[in-house]
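Over in TrEMBL, the protein carries these features:
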DOMAIN    B:80-310  domain 'ABC transmembrane type-1'
TRANSMEM  B:29-49  transmembrane segment
TRANSMEM  B:79-105  transmembrane segment
TRANSMEM  B:117-137  transmembrane segment
TRANSMEM  B:180-203  transmembrane segment
TRANSMEM  B:230-252  transmembrane segment
TRANSMEM  B:288-309  transmembrane segment
Amino acid sequence: MTRDLWKHLILILGALIVIAPFYMMVSYSFKSPGEIDRGEGGFFGRQEMMVDERCVKLRDPNREDVAAAVPRFPNKTDSQIRDALVAEAVSDCQMRPIVFNYSKAFTEAPLLRYLLNGVIVTASIFLIQIVVALPAAYALAKLKFWGREAVFSLVLFCLLIPVHAIALPLYIMLAKIGLTNTYAALVVPWTISVFGIFLMRQFFITVPDDLIDAARMDGMGEFAIVWRVMLPTAIPALLAFAIFSVVAHWNDYFWPRIVVTGNRDLFTPPLGLREFKGDGDGSFFGPMMATATVIVTPLIVAFLVAQRRFIEGITLSGMK
Amino acid sequence: MAVAETHTPEIVSAETAQRRTAWWLTAPALALMILILLVPVVIAGILSFTDYSLGNDTFDWVGTKNYDRLFSRSTYEKMFIATFTYVITVVPLSVGLGLGAALLINSLGRIGDLYKTIYFLPVMATLLAMAIAWEFMLHPSIGMVNRTLEMSCGTFLEIIPFLKNGCADRFPLWLGDRDYAIWVICFIGVWQGFGFNMVLYLAGLTGVHRELYHAAEMDGAKSGWERFRLVTWPALGPTTVFVVTISCIRAFQVFDTIEAFWPQGGGPNKSTYVMMFAIFEKGVQQNLIGIGSAITVLFLVFVMFLTLIQRWLVERKVHY
């Protein structure tokens, strides 16, 4: 037991360092700017009402507002009415820091749009990868044809090339055909997953030939066999690959940074967060951390719910 | 003869049909592999000998001038230093910590799973978001790191020279300090990556046979270290080869943290000007495609070289 104790001590120390930035990110997303500056308030902050200065400034009454408010404040001078209006604005602009941070995260930048883009891009990448890789993997595993070895060697060679490394020539090609700043640019380089082909081929080799022969007897064509026989047998491997692919592309920053410039409608979540950081002055730490929390949360929650599957999927590349 | 003649056409046509379908099934994957992976490599190779830039219709051949520059200008010397410092620091540390964590967790049984979950969190999280969280952690005045260090002031911990200097003067600026910047980047790299290695090692450890430990004990390997040296480490050989390779390739591709911290110029005194950032800055932002392509080519050479070493090791030596 004492021997286990020091193990726990080391592991807990490591865990604290690993957790620290997550703790801080979530905690800051709850706190008011003052609390962040002074470093007080514990994890949740005190959640005292705070005034949104920008909101007050926006509602600063001009002469017309004052004139329009005269019936509501009879027997008062203009400056008194003005003060009353400002006080009203201040009380309307009061909110809890947590509400302030998260509402700003969604209103200062089109965060929902970014999240939607993230979903569109990752989903299309995964679907196209499957549509391209699955038939090829089946042919490489189960069909005899002249050139099969050559194609497979090509697959093995292409495994050597990380797509990020050839980002520059890809960018030039896309720019030449005028595809930068489109969804296509975000998706196209990832449509081919040599790794997916390799993985699925290894998996399909283990599928018994009898299953395929039986399907042929039933009069199924090869295309039908791929989608109606092989696909269902490959679900576990596909799921792991899906996790691998979605995590990689939801979190990817490098490629979107290159092909999307300026057009906010195409921003993926990391790009959106990056821009938020660029604009924000110091007082916007809270909303920024709220944005970061919103972006990180979906995958973390999914991971916590289906841990085993996620670890399987992410470490897929380690399978022999 | 007659029999053969009546049979052959059928067999041939069945084979031809299968061959044709096989090609249909692999064609999309093959086309995309060539277009998206091979053509860009060739393009990068060609453009690295030119002074091409986007928007120009023509370009001139400049011979090896781009490469000469890479090996003579001090900017690129800094680039190589930063890249290799990062790789040489992050790979051993993240592999070592991954192995250490895996061994500790493995020896703890089921309670260890909690640590596994925690250590894996950074692998799942969007690195860009976490980079921004780290930036706040490392903020010179309001960051959690320096605040924590300040707490040690006035206690016995001040005997540590680093803390003593910090308390007397001020604690480091971290990201703004050219002596610390690259190490902070390395730290975040290790923080983010070691959980991934840990999981691979945990998978590797399940494959080590219990009997081997008994046998080693019979042979007089009494201490834990002896057992590790004689049984565990050799058995983890294949895992280690894979873990080291993938860590190297990932380390070469570091970009997100650097772009997030220093959007311009790659850190204080270019101390964190790594290759990926150089490709992005020269090739995409400054439209100096020739030099960007030359860096791309070098990058590909490094990565392919590493993977080939890995494959060679896997085939030759590490199967005990």
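Numbers run from 1 along the shown chain.
Glycine too: its Cβ is placed from the backbone N, Cα and C atoms.
Keep in mind that TrEMBL annotations are predicted by a computer and have not been checked by a curator.
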Report summary line: Per the Cβ under 8 Å criterion, with at least 6 residues separating them from its ends, the transmembrane segment (B:288-309) contacts 41, 43-54, 62, 65-67, 69-70, 79, 245, 248-249, 252, 275-276, 278-279, 282
Report summary line: Quick tally over B:29-49, B:79-105, B:117-137 of CB pairs under 8 Å to the transmembrane segment (B:230-252) gives the top stretch as B:79-105
**Report entry** Recorded stretches the transmembrane segment (B:180-203) and the transmembrane segment (B:79-105) touching, at least 3 CB pairs under 8 Å
**Finding:** yes
